[in-house]
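The following features are taken from TrEMBL:
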- Ala144, Asp269, Thr273: Mg(2+) binding site (BINDING)
Amino acid sequence: MACDFVVLVRDAHQKIGHRSVADVVLDALESVDAIEQRLTVYDATSEVSAINQAAGDGPVRVSAETFAVLQHAARLSEATGGAFDITAGPLIDAWGFTTRQGRKPTAEEITNARSLVGMDQIGLDADERTVELRQPGMRINLGAIGKGDAIDHVASRLKSAGINDFLIHAGQSSVLACGDQFETVEAKESEPDQSPRGWKVGIAHPTKPNRRIAGFWLCDAALATSGSGKQFFHHRGKRYGHVIDPRSGEPAGDMLSLSVITPRAIDADALATGLFVNGREQATAYAEANGSMPVLLVVPGERQDAVDVETVGHWDWVDPPLGASGGSTREMT
């Protein structure tokens with residue numbers, strides 16, 4: 001996962017039995033280390049590394065927790081039409097983004113990489129709890145779903161201990177909020193104070209990280225953002241971002257970022273990636289078909305360095321995009 005996990009708690013002086021909030025939070029964060037040890041590709045002894053090392057050589061038995069994440073990844077891949085794919089690593093390599101040295105690969109390089117990509121080339125046996133990568137050279141990376149799984153585990157530990165008002169963020173692209181940040185929300189002088197509405201959360205500008213696109217209240221839900229605003233390169237006048245469509249082998253192209261709100265962080269993380277890959281039109285259609293799932297899309301504007309913002313579903317705005325409502329847009333510079 002290669003990112004820091006941060007927990008904010010409304011009442012830091014709350015006592016949980018004879019324990020302090022800090023002790024409970026630290027214990028909950030220790031569960032991240034255990035998940036990291038199972039799912040990381042950076043430790044040769046992890047379960048994911050064992051799966052990758054056995055590619056083409058047969059199935060590998062894994063823990064129930066790891067198998068559950070893999071099953072969920074398969075379901076989300078199907079839900080996004082294959083846009084979310086944990087086997088896409090060879091394509092990311094081909095485009096040079098693994099080493100952060102973007103390059104335009106040849107058609108042959110893309111074809112070769114695509115032969116090692118595809119959820120249909122993963123065998124999942126629920127009875128034996130085994131995982132098989134059917135082609136030598138295949139590999140999986142759970143970075144786009146494992147972080148959300150870890151956030152959900154931390155949240156579960158905190159709630160089980162009796163802490164109900166908290167916010168967790170990991171790498172600043174994934175956030176989960178439970179309960180309320182304040183007991184009451186201060187309003188303008190002419191208005192009474194309002195009931196609490198969750199935690200104030202902001203969405204960063206995809207190409208200007210010191211600026212915000214919008215701010216809103218997030219309550220008992222998770223937010224994740226995917227985009228190519230920070231990692232990209234230009235080749236012969238064309239911009240290529242680091243988020244690759246595993247079906248075409250080409251970078252996903254018509255948005256700068258996409259943010260989505262779901263009840264669980266594991267779903268937000270994966271759907272942000274999958275919907276970004278699917279593009280503006282399909283992402284909007286998916287959100288509308290799934291109960292007007294809250295989605296915020298940032299697309300290039302007509303002027304240089306400007307962006308347009310579009311939203312689907314209900315957002316409880318603190319600092320809204322201009323005229324924000326379903327399907328609204330604004331141009332920002």
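Think of each number as a place in line: the chain as shown, counted from 1.
Any Cβ shown, glycine's included, is placed from N, Cα and C.
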List, in sequence order, the residues of the same chain other than Ala144, Asp269, Thr273 whose Cβ lies within 8 Å of the centroid of the Cβ atoms of the recorded Mg(2+) site.
Phe84, Gly143, Ile145, Lys147, Gly148, Ala224, Ser226, Ala270, Leu271, Ala272, Gly274
Residue among binding-site residues Asp269, Thr273 with least C-beta crowding, 10 angstrom cut-off:
Thr273
